[in-house]
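Annotation comment: Swiss-Prot describes C45, C46, C111, C140 as [4Fe-4S] cluster binding site.
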Amino acid sequence: MSSNINIVEAPEGVTGEGFFATKLNDVVGLARANSMWPLPFATSCCGIEFMATMASHYDLARFGSERVSFSPRQADMLMVMGTISKKMAPILRQVYEQMAEPRWVIAVGACASSGGIFDTYSVLQGIDKVIPVDVYVPGCPPRPEQIVDGVMRLQELVKSESVRRRSSPEYQELLASYNIK
């Protein structure tokens with residue numbers, strides 16, 4: 001993993017090993033990216049693959065997602081896995097709204113991304129109809145390696161995000177387009 005944080009020699013007269021010269025955005029982004037707490041919202045077979053992803057063989061904890069949260073108020077990464085019916089959509093939205101900022105969403109699998117094989121009146125054809133999605137993980141169901149890759153892509157996005165992006169007019173406009181306050 002590359003980082004924009006550089007360790008340089010201390011100026012003369014300053015004691016110690018050295019000091020960091022970097023931007024606040026880089027430090028906060030690095031800390032956020034490597035300490036994400038996932039909230040699994042699993043309704044189908046992708047949830048089984050998530051269990052394998054969290055197990056010792058794939059070990060998502062290596063990437064800073066060690067503590068799985070089952071409370072939206074303590075999570076910052078919502079992982080939606082499986083089919084979401086239209087009756088379940090308001091619940092998914094409520095879970096998203098209960099998460100504190102900054103919050104990110106990964107749509108895991110074909111069902112969460114586009115409705116999958118369930119092209120019917122009762123199934124939501126992609127969770128991006130009710131909440132904003134940051135990363136899509138394809139597959140039916142996706143292998144644990146793909147889920148890990150999706151988390152790593154989200155980490156890259158988080159690292160590059162400005163500290164103040166979440167209070168920007170563009171982000172507020174995005175939330176307003178979903179009717180989220």
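Keep in mind that glycine also has a Cβ here, set from the backbone N, Cα and C atoms.
Shown on the structure are the features that Swiss-Prot records.
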residue	record	Cβ neighbours (10 Å)
C45	[4Fe-4S] cluster binding site	16
C46	[4Fe-4S] cluster binding site	28
C111	[4Fe-4S] cluster binding site	27
C140	[4Fe-4S] cluster binding site	13
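Summary of the [4Fe-4S] cluster site environment: with the site residues C45, C46, C111, C140 set aside, the chain residues having Cβ atoms within 8 Å of the Cβ mean position are S44, E49, M81, G82, T83, V108, G109, A110, A112, G116, G139, P141, P142.
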